[in-house]
Amino acid sequence: MAPRMRLKLRTVFVLYFLVSVMGLLYALMQLGQRCDCAEHDQPYERTISRLRGELHKLQENMKKSEPTAPTIYVITPTYARLVQKAELTRLSHTLLHVPQLHWILVEDALQKSTLVSNLLRTSGLSYTHLHMPTAAQRKLHEGDPNWLKARGVEQRNEGLRWLREDRRAAAGGGGEQGVVYFADDDNTYSLQLFQEMRNTLKVSVWPVGLVGAMKYESPLVQGGKVIGFHTGWKPSRPFPMDMAGFAVSLRLILAKPDACFDADAPIGFLEGSFLQKLVTMDELEPRADDCTKVLVWHTRTEKPKMSTEKAMQAQGLGSDPTWEV
Ligand code: UDP
Ligand code: MN
């Protein structure tokens, strides 16, 4: 009796052991496997899809109820030179931070360049690429002092022409909400500046730093009105302000189709040649805390020296000419 009993106990133990091992193996095999029971997922997926639907509805409602902010149209003249790509890269990175903005980049050239086309295409910005060469007799020559002739004039006018044609068509002839700003490719712009100009009724104005051989030039404001200008040269000029110091509402640009920059205006009179046709001094809208904050700087980029490059070229060791810099 006793040996059989022992045998039975051993069998029970072995069976118990085998069943436990198999159970463990089965549990291990199930780990990491996708659950194929669809009914388990359903409530979760249904909730997600319901929430998505609600989010979509909310977004649609927000779009309908929120008045869209006026678009800022930035017109930039640009020309081919060694620092062009660096300037445009920096400016495009500033503009990327500004919501609801359209960049109108106008090349001073007979045709659009590959460099600018590629830069715009990969910029992530909403843009229009134009070109307009400066008339030969108005072009600055190597060594000319930079105050001799105004630069970027025909290009800014080309930007205005595009706006008047394209935006008028888009707005069905009516005045679309928008603001136009002339931004040279080498200046420095605070993001705050774009907030200041966004709601411009006619023409908004503010100080410009590092311009006119002064720390800043600025409209002088009293009781919320512009009463004069802080500038070192001919303060009696019509609108003695730098190009970077004002923005114009798109509605006003469309309402005054003949207002443009006079390419033959003496230097210092260019901004006035345009603004005179749009507003009176009394109508100017001071921004940047009643024109007490500098949010844009008329910085200028040093022309890079190429003496070593030339010396190396003479020895046949110049930089690869196929590189885009
Ligand atoms: N510009 C241009 N063609 C030129 C020279 C300048 O289109 O032959 C552009 C330039 O890229 C800039 C604007 O016109 O956006 C003003 O030029 P610049 O910065 O040289 O003028 P400044 O700083 O002396 O006022
Ligand atoms: Mn400049």
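Cβ atoms are placed via backbone N, Cα and C, with glycine included.
Listed features, source TrEMBL:
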- Glu271: active site, proton donor/acceptor (ACT_SITE)
- Pro77, Thr78, Tyr79, Asp108, Arg151, Arg156, Asp184, Asp185, Asp186, His298, Thr299, Arg300: UDP-alpha-D-glucuronate binding site (BINDING)
- Asp186: Mn(2+) binding site (BINDING)
- 305-325: region 'Disordered' (REGION)
- Glu217: site 'Interaction with galactose moiety of substrate glycoprotein' (SITE)
- 12-29: transmembrane segment (TRANSMEM)
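Long-range Cβ proximity for Pro77 (UDP-alpha-D-glucuronate binding site), meaning a same-chain Cβ under 8 A and a gap of 6 or more residues, is found for Val106, Asp108, Arg151, Gly152, Val153, Gln155, Arg156, Gly159, Asp184, Asp185. Around the Cβ of Thr299 (UDP-alpha-D-glucuronate binding site), the number of neighbouring Cβ atoms within 10 Å comes to 13. Pairwise Cα distances among Pro77, Thr78, Tyr79, Asp108, Arg151, Arg156, Asp184, Asp185, Asp186, His298, Thr299, Arg300, the recorded UDP-alpha-D-glucuronate-binding residues, top out at 20 Å. The most densely surrounded of the binding-site residues Asp184, Asp186 is Asp184 (count of other Cβ atoms within 10 A of its Cβ).
Sorting each residue of the region 'Disordered' (305-325) by its DSSP state yields 8 helix, 0 strand, 13 coil. With respect to ligand 2, the recorded positions Arg151, Asp184, Asp186, Glu217, Glu271 contribute Asp184, Asp186 as residues with a C-beta closer than 6 angstroms to one of its atoms, given in sequence order.
Taking the C-alpha positions, the distance from Tyr79 (UDP-alpha-D-glucuronate binding site) to Glu217 (site 'Interaction with galactose moiety of substrate glycoprotein') comes to 26 Å. Recorded residues Glu217 (site 'Interaction with galactose moiety of substrate glycoprotein') and Asp186 (UDP-alpha-D-glucuronate binding site) have their alpha carbons 18 Å apart, per Cα-Cα distance.
For the recorded positions Glu217, Glu271, counting C-beta atoms within 10 A of each C-beta gives the highest total at Glu217.
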